[in-house]
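Here you go, one structure.
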Amino acid sequence: MTRYVFITGGVVSSLGKGLASAALAAVLQARGYRVRMRKLDPYLNVDPGTMSPTQHGEVFVTDDGAETDLDLGHYERFTGVPASRADNITTGRIYQDIIAKERRGDYLGATIQVIPHVTNAIKDFVLDGNDSFDFVLVEIGGTVGDIEGLPFFEAIRQLGQELPRGTCCYVHLTLLPYIPSAGELKTKPTQHSVKELRSIGIQPDILLCRCDRPIPMDERRKLALFCNVRQTAVIEALDVASIYEVPLSYRTAGLDREVLGHFGLEHGEEPDLGRWQTIAERVRNPEGEVSIAIVGKYTGLKDAYKSLTEALTHGGISHRVKVNLEWIEAEVFEREDPAPFLEGLNGILVPGGFGQRGAEGKIRAARYAREKRIPYLGICFGMQMAVIEAARSLAGMPEANSTEFGETAEPVVGLLTEWLRGNELERRAAAGDLGGTMRLGAYEAKLDPESKIAQIYGSEQISERHRHRYEVNMAYRERLEAKGLRFSGVSPDGLLPETVEHVGHPWFIGVQFHPELKSRPFEPHPLFKGFVGAAIEQSRLV
């Protein structure tokens, strides 16, 4: 029998529902249960693909090409189970599907309403394809009281009535703020949040209380009394130094036991969290450290690069070192010399992105890394900027650029539908909307067996996730390779470049894909493990 755990949030946003859900899933996995995770996003966008990274954070891409919420990255990293398009849905996508059905006449002339049509669509999504799982954890985005979230709360309320008795559990994540002048944790915001939740028909079974100190017994009793839960169901979610300590913290607090008890399941043997303890110990007690610059355009919101920062942490864990990140806005390098910012650092990473803003700064960062022989990892846009830098500085093409920024005499980077045929720019197909030419999801690549990147992977065949609409122009391959920029990886048909590297440089690699999306704390991605290793070697030269 499949059991459902619905995770909601209250009091304030950004409490970490995604991490809480992923951590609970990890502990249940450690007990031997099969767990699936899903995310319901109340916003009206069809998906986050065209949303600003500075508002929404990163777009997490799945193997099947879905552009999803960054929380799915937490799910994958904590459980090791690849997510898919079937694990994330938005209000926008639900309305899009319902309106399409209405236009086709599928509803036979019925009046389309939020209840039952929208709520039924949400329930169908939650219940689909779960027969092989013991637990399905469903996170509802936003905060209780948000008007756009009401259809989702109504849908999970209905599921609580429609599913067999004892197969649903509602976990409510709230904040217990500490007021220094009063010298105590305040429970009133949580009481009001639960009151709001109960007003729409949902009685939480477990309170997961985010706090910076242990909850005194008096406050526990008060929360249990006024929120109508057992005292044992008031679980403290203490702040911890690393997100990889959260499963250990929840296990200590008894969250997994309370969930199992709610479903009438035996606790059985204690879960084996040995690997989580190893990870937490390595994060707490590194044997060294390196400093790596991230030269990006969305550095104002670190969540815009969430998978990237976690992948670097994984690389550090594998070497037992702490990775210190120096965030640098790429536009700064368009006005100032990069040297004062980059001197003394052990590696430079230029991540993915779109648009001309900051592009020249990223090109200057790539040049600095090449000339100073500092380890460089260029991801997606970062690879393209490294190719433009090589074309300008080494191959005698001072006007080399990307057609993303406008017409250019040397389009070394172009739209996937634009390629140079002779001296003419050929357009294979008319450009559509912003998503029309995007290359999304997992694609295979073959690596040059003599290349550094093939040695890093230990394989000549790889599969990685992509998210881009511009590509390095293969018409320039011969000229660039003559100057030492090896096209070390290509698509299986040989038509699209996937990786480049500077021959003779200690560690300078560009990849068109996003390796950070497949890195796990227990299985660091080879590129990030190699990059951090190269940074360690460079640190010994400083």
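Every residue number used here counts from 1 along the chain in the order it is shown.
Here the Cβ of each residue, glycine as well, is placed from N, Cα and C on the backbone.
Copying in the features that Swiss-Prot gives for the protein in this structure:
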type     : residues                                                      : note
REGION   : 1-265                                                         : region 'Amidoligase domain'
BINDING  : Ser13, Lys186, Thr187, Lys188, Pro189, Thr190, Gln191, Lys222 : UTP binding site
BINDING  : Gly353, Phe381, Gly382, Met383, Gln384, Glu404, Arg469        : L-glutamine binding site
ACT_SITE : Cys380                                                        : active site, nucleophile
ACT_SITE : His514                                                        : active site
ACT_SITE : Glu516                                                        : active site
Tell me, by DSSP, whether Lys186 (UTP binding site) is helix, strand or coil?
coil
Of the recorded positions Cys380, Gly382, Met383, His514, Glu516, which one sits closest to Ser13 (UTP binding site) when you measure Cα to Cα?
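Sorting the recorded positions by distance from Ser13 (UTP binding site), the top entry is Glu516.
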Quick one: Cα separation, Met383 (L-glutamine binding site) versus Gln191 (UTP binding site), in Å?
51
Should Lys222 (UTP binding site) be counted as helix, strand, or coil on the basis of DSSP?
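Its secondary structure by DSSP: helix.
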If you average pLDDT over the region 'Amidoligase domain' (1-265), what do you get?
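Here the mean pLDDT over the region 'Amidoligase domain' (1-265) amounts to 95.
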Do any of Lys186, Thr187, Lys222, Cys380, Gln384, Glu404 (recorded positions) have a CA within 10 A of His514 (active site), and if so which?
Cys380
Highest CB neighbour count within 10 A among the recorded positions Lys188, Arg469, His514?
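Per the Cβ count, the most surrounded site is His514.
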Across the record's L-glutamine-binding residues Gly353, Phe381, Gly382, Met383, Gln384, Glu404, Arg469, the largest CA-CA distance in angstrom?
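For the residues that bind L-glutamine, the greatest Cα distance is 14 Å.
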Starting from the residue listed as 'active site, nucleophile', work out which of the binding-site residues listed here (Lys186, Lys188, Thr190, Gln191, Gly353) have their Cα within 10 Å, and give them in sequence order.
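Near the residue listed as 'active site, nucleophile' by Cα: Gly353.
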Nearest to Gly382 (L-glutamine binding site) in three-dimensional space, by Cα, is which of the recorded positions Lys188, Pro189, Gln191, Glu516?
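With Cα distances computed to Gly382 (L-glutamine binding site), the winner among Lys188, Pro189, Gln191, Glu516 is Glu516.
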Would you kindly give the Cα-Cα distance separating Glu516 (active site) and Pro189 (UTP binding site), rounded to the nearest Å?
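Counting only the Cα atoms, the answer is 37 Å.
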Rounded to a whole number, what is the top Cα to Cα distance in Å among the residues the record ties to UTP, namely Ser13, Lys186, Thr187, Lys188, Pro189, Thr190, Gln191, Lys222?
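This binding site's residues have a maximal Cα-Cα distance of 23 Å.
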Say you check the Cα of Thr187 (UTP binding site) against those of the recorded positions Phe381, Gln384, Glu404, Arg469, Glu516; which is nearest?
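Looking at Cα distances from Thr187 (UTP binding site), the smallest one goes to Glu516.
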With DSSP assignments reduced to helix, strand and coil, which class does Met383 (L-glutamine binding site) get?
helix
Give me the sequence-ordered set of same-chain residues, not including Gly353, Phe381, Gly382, Met383, Gln384, Glu404, Arg469, with a C-beta within 8 angstroms of the centroid of the L-glutamine site's C-beta atoms.
Gly352, Phe354, Cys380, Met385, Ser402, Val413, His468, Tyr470
